[in-house]
Each structure stands twice: as structure tokens, then as C-alpha cells.
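> First, the structure itself, so that you have it in front of you.
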Ligand code: TYM
């Protein structure tokens, strides 16, 4: 059976981008593959959260994973820092990652721009740690959104370089994955760009109906199509992209036809979209609240996950140490 690994940083509540870019795939993959889904708390340290925020967010993401339908009986669900072998592997793998290539990654350049007062070494070596998350379990497939494509390329590069350097096919070369084939980029509703925690445009799984309605009704639009079959402008395309994931195909087609015939009323489009998002997220939001209050269950889940993830990770690190030449006489 093929192995799947993916994680989410606990930097806040999960939004629709996280759900449709990643979690939705996790749910189906846990039925078909040997899955490891984790909470990437080491990675969150690259942005220096306060300890209490980090702690709260780890619990929040765990409750959200479970509320979405991740099943600890089917997938191994764990917290990255519960498996210190990942940190050792990251040290070992960093010896074959080069400054130039790390400095050139888009996410490093973005973060260095966004937090110039905190361009720490963890930001630079972020792709090395991420590669280790994936390679430590010998993953075949990694379900992620489009924004992670470059990190996956780096993972493949590091895996291939290790194999080449030590003259063996030790690591598999993992592929990014989405059931819909192309990786997903869920946009924000502020006109352009992706939905993101740090973009401040998140539509969250925990948002109540009133908040959701407000967020959607505030979405940026344009002055409307002026001729039949006009191409979609970016803000309108963004509304349709969200509709594609939360509404029925008939609803989507209805509004696309209205746009094509210049009869569209953006107020109606937004009202429908808000309604469909509320329908989608209400059962999840209710479950999150229930699960968050159940510390005994949450602890049980991550303790179970830690044991399995740790055993697998320690085996890999032991093998890597031997390959590198760290062994007893
Ligand atoms: P993070 O925490 O930023 O996001 C978690 C997942 O959500 C996806 N995502 C999106 N997908 C589509 N549209 C969006 N607007 C959108 N925003 C976020 C991300 O692509 C991701 O799949 N580096 C990773 C965490 C990580 C990881 C790993 C992932 C650490 N180690 C190993 C996979 C495997 C990150 O920052 O994701």
C-alpha cells in the first residue's frame, strides 16, 4: 500500500483554502492509503508565535482535523514535535542543502519581506524540515495546495541528491497530489491572490453564519459584464472558484449563464455563495466545538499517533545514520 504524508502549520484556524487544498484529499486518502497527517508545530516557530498561541493552535488544528472527519483508526494523526527524530533527520539532511537554493525559494523570499525583523535560520531551512516530514515515512504521495509545489520540488531534489551521494535508491521520490489532478489554489474574496492566514482574508471553518455572510457580501466585484460572453475578471473568477467547491454544479452553471448573458446580479451571486458556505461549514463548526472540549479524547488520539509515527521515524533515522557512516565499531 502506498504511503501518504501531509501536515498543516498551527498558525490559526483552518480556512477554506486549507480544507479544499489539503484536508478534503486527506479524508478520501485515509480510506485508500497508509496515511500520516500531522500538525507542523516546529514549522510554526519560524514565525515566532507566543507559546500560549502555539499551544492553543495545536489543539485547535487537531480538533479541526477530527471534526472534518480524519479518523485516528484509519490514519496516523500526530504532532510534529512529538517525533524528535524528525529534528535529527533535518540536521543530517541540511548538510546537503545549499544556501543559494534555499535563499531562492519563493516562500523564503516572501517571509523575509513580510518579517524583515525576524529572518531566522529556520525560515531558510524550512524546506529541509518539510522534506524530512515527508521522507521520514517514505511517502509516495503528498496532498497539498498549489502554494506548496515548490517545497515539494525541493523535497524531491533533496531525496534524489541523497540517493546519488550515497549511491543507493534509499528514498522514494514523492509526488504532490490532488484527486482533481491539478493542485488547488483557493482565492480570497478581496480581489486577487490566495486565501491565507497571513493574507487576512480567511473564511474559516469556525466562522458563524453571520460572520460568513458579512465576509462574502463584502467580496470585491467589478462593474459587471458589458457584452455577452465577456471574459471573467479576477474578482468574479474568484467568486466562481469558491462556488465551484461549495455549491452544486447546477447553481454554478446558473450564475455562469447569467454572467454570459449580462443578466448577473452580483448581490444574488454573493447571497447564494454565502448560503452554500454556511451549509458546508455548519456541521463542521458544531463538531469542532464538541471535540475541543474533550481533552481526554484529543490526548488519546495524539498519543496513539505519536507511537506509530515515532516507531517509523526512528527506523528511518537509524538507517540514514548507518548510510551516512554514523555507526558503532
Ligand atoms: P500551511 O499550513 O500553510 O497550509 C496547509 C495546507 O493548506 C493548503 N493551502 C491551500 N490550498 C489551496 N488554496 C489555498 N488558498 C491554500 N492555503 C493553504 C497548503 O497548500 C497546505 O497543503 N509547509 C506546509 C506545512 C507542512 C507540510 C509538511 C505539508 C510542513 N511539512 C509536509 C505537507 C508535507 C504549510 O505551511 O502549509
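Cβ atoms are placed via backbone N, Cα and C, with glycine included.
TrEMBL: automatically predicted annotations, no manual curation.
According to TrEMBL, the record shows the following:
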{"type": "BINDING", "residues": "9, 10, 11, 17, 18, 145, 146, 147, 186, 194, 195, 196, 197, 198", "note": "ATP binding site"}
{"type": "MOTIF", "residues": "10-18", "note": "motif ''HIGH' region'"}
{"type": "BINDING", "residues": "133", "note": "L-tryptophan binding site"}
{"type": "MOTIF", "residues": "194-198", "note": "motif ''KMSKS' region'"}
> Quick test of the contact rule: Cβ under 8 Å, at least six residues beyond the ends. What residues does that give for the motif ''KMSKS' region' (194-198)?
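Apart from its flanks, the motif ''KMSKS' region' (194-198) reaches 11-13, 15-17, 114, 146-147, 185-188.
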> Long-range neighbours only, meaning 6 or more apart in sequence with Cβ under 8 Å: which ones does residue 146 (ATP binding site) have?
21, 182, 183, 184, 185, 194
> Please report the DSSP secondary structure of residue 18 (ATP binding site), reduced to three states.
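SS state of residue 18 (ATP binding site) = helix.
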> Let me make sure I understand the structure: which of the binding-site residues listed (11, 18) has the fewest other Cβ atoms within 10 A of its Cβ?
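Taking 11, 18 as the binding-site residues, the minimal 10 Å Cβ count falls on 11.
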> Please give the ATP site's span as the largest CA-CA distance among 9, 10, 11, 17, 18, 145, 146, 147, 186, 194, 195, 196, 197, 198, to the nearest whole angstrom.
19
> To the nearest whole angstrom, state the Cα distance for the pair the residue listed as 'L-tryptophan binding site' and residue 18 (ATP binding site).
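About 18 Å separates the two Cα atoms.
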> Relative to ligand 1, which of the binding-site residues 9, 133, 197 have a Cβ found under 6 Å from one of its atoms?
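So the answer is 9, 133.
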> Which whole number is the mean pLDDT over the motif ''HIGH' region' (10-18)?
95
> Return one of helix, strand or coil for residue 9 (ATP binding site), based on DSSP.
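Reduced to three states, the DSSP call for residue 9 (ATP binding site) is coil.
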> So how many of the residues in the motif ''KMSKS' region' (194-198) end up helix, strand or coil by DSSP?
0 helix, 1 strand, 4 coil
